[in-house]
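Record features, source TrEMBL:
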type: TRANSMEM; residues: 81-106; note: transmembrane segment
type: TRANSMEM; residues: 139-158; note: transmembrane segment
type: TRANSMEM; residues: 189-208; note: transmembrane segment
type: TRANSMEM; residues: 220-238; note: transmembrane segment
type: TRANSMEM; residues: 245-263; note: transmembrane segment
type: TRANSMEM; residues: 275-294; note: transmembrane segment
type: TRANSMEM; residues: 306-329; note: transmembrane segment
type: TRANSMEM; residues: 341-359; note: transmembrane segment
type: TRANSMEM; residues: 371-390; note: transmembrane segment
type: TRANSMEM; residues: 396-415; note: transmembrane segment
Amino acid sequence: MKVENSDVPTIFNPRKPRLSQSNAVLTSDHRPYGPFSHVLSRSESLCQQEDVEQVEQCQRRQLGVFKRLKNKCCSKHARKVYYGLCVTFFVTASWVGATHAIKYLYMYHPTKYPVLTGSGFNFSSIHQQTLMTYNAPFFTTWFCTNWTVLFFPLYFFCQLGSPNYQTPTDILGESVRNFRDRGFTAAHFLTRCCMFCMLWVFTNYLYIHALSILVATDALALFAINVCCVYLLSWVILHDQFVGVRIVAVILCSTGVALLAYMDAGITNKKKTMTGVLLAALAAAGSAVYKVMFKKMIGDATYGQVSLFFSLIGLLNAALLWPVCLVLYFSEVEILHWDRLPWMILLSASTLSLVANLLGNLSVAFTYDIFITFGLITAVPVSAAIDITIHDVQFYGMKLAGIILISIGFLLVMFPNNWPEYIFRLLRNIILLSHSARWSRKNRGLPPNPPKVEIDYRTGYIRSHLRSPSGRVR
């Protein structure tokens with residue numbers, strides 16, 4: 001059948017749903033002859049109109065589906081979820097990388113040199129003795145904390161390059177003005193910065209010192225209990241809402257810490273392990289104290305305030321605590337050989353630590369806070385895989401049970417305050433889907449009439465009414 005060129009835009013243009021009779025013209029070669037030729041032509045024209053309408057309806061239905069799918073996938077909430085998954089990945093990678101880099105500093109290949117033993121000088125009295133080239137947790141803490149000076153410069157240049165252009169004076173003035181509006185004087189603000197600097201250095205020193213004793217995965221799992229400590233302190237100091245499931249999470253985390261403390265059987269190893277577990281647990285508690293006290297004393301700070309605050313912590317650390325590094329070095333409490341110092345590993349650990357802190361404090365602007373917190377617990381299985389593959393560490397018995405209990409407690413703490421309501425909604429959707437599927441199997445070909453499901457949130461009783469096509473409840 002030959003169709004004229006004017007028919008083509010009619011099919012694909014939704015503005016012309018009807019196809020006129022003049023547009024469906026048969027050529028003389030295929031025109032029917034006889035007494036019913038006009039009836040056949042009319043029937044063929046109607047068939048063409050029905051086909052065109054079906055095609056247009058199908059196209060409109062597909063466009064509607066694509067539009068709804070695009071609106072759901074590209075909404076503001078969906079974009080935050082996508083950014084959150086990326087933030088979780090980078091927080092996990094940076095946190096695991098920084099921890100294993102610091103752990104590798106203590107495992108750095110030592111230098112062997114000959115030592116003469118015995119009264120006489122002979123070759124049998126010479127043996128190889130290892131020389132520890134690096135064992136300086138406080139120097140590592142001081143060096144890594146110095147890098148927090150870069151917080152505000154990075155924020156400053158990002159603001160200069162943003163679409164909402166601001167002058168350098170406006171950016172700096174806005175960050176300082178917010179502190180001044182809260183009633184902070186210069187002396188008062190610097191005093192609080194010094195206090196938080198000491199707390200920050202103390203917390204990081206405990207964690208880095210614990211890495212010299214424990215496996216990296218054990219230290220990561222123990223540090224993850226800071227979420228439980230934050231909840232307890234927020235409940236006591238900030239008067240947050242009491243949630244029973246989070247108390248269960250605290251109990252599970254405490255049990256996991258106890259299992260990790262007694263995971264070694266030997267007396268010597270047990271004392272050393274208990275020391276490492278205690279240091280890592282105190283580091284988690286110090287981190288929780290830092291977060292809660294910052295919320296209590298500083299309040300809801302802007303990104304400029306947070307960046308300025310961290311840069312001042314780095315400056316105070318570099319200016320005030322360098323004599324402590326010298327005292328520990330000359331008293332030989334910490335071992336440092338400057339000619340054999342692993343600078344590349346130390347720089348890698350500092351850079352990754354800076355990235356983890358930047359993501360943990362500033363990525364709330366792009367995503368939800370739960371994705372940042374979730375990166376702490378996802379670091380545990382990733383670190384365990386590295387320890388098993390590279391360092392041949394075995395996880396079994398009390399060690400494995402302790403890590404699992406801490407992970408479960410971590411996940412329970414992340415439950416929302418109104419988690420029973422979410423559970424009831426999930427049950428309602430499951431029951432609704434099951435009744436809808438049963439109704440569709442029994443009443444195929446009938447118009448849809450979904451079941452009615454009611455939930456009493458006070459008693460938890462679920463009532464479902466499956467209605468028949470006639471309207472009766474059955």
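Every residue, even glycine, has its Cβ placed from backbone N, Cα and C.
Proximity of the transmembrane segment (139-158) to the transmembrane segment (341-359) is established through 3 or more Cβ-Cβ distances under 8 Å for residue pairs spaced 6 or more apart.
As a quick check, the transmembrane segment (245-263) and the transmembrane segment (306-329) miss the bar of 3 or more Cβ pairs under 8 A, pairs 6 or more apart, so the two do not touch. Counting C-beta pairs under 8 angstroms (sequence separation of 6 or more), the transmembrane segment (396-415) reaches the transmembrane segment (220-238) with 3 or more such pairs. Sequence-distant contacts of the transmembrane segment (306-329), counting only residues of its own chain at least 6 positions beyond either end whose CB sits under 8 Å from a CB of the stretch, comprise 136, 138-139, 142, 145-156, 175-176, 190, 193-194, 196-197, 200-201, 298, 336, 357, 361-362. Against the transmembrane segment (81-106), stretch 371-390 has more CB pairs under 8 A than any other of 189-208, 341-359, 371-390. The stretch in closest packing with the transmembrane segment (371-390), judged by the count of Cβ pairs under 8 Å and taken from 189-208, 220-238, 341-359, is 220-238.
Through the fold, the transmembrane segment (341-359) approaches residues 87, 90-91, 94-95, 97-98, 101-102, 104-105, 108, 133-134, 140, 143-144, 146-148, 150-151, 154, 310, 372, 375 of its own chain, all at least 6 residues removed from its boundaries and within a Cβ separation under 8 Å.
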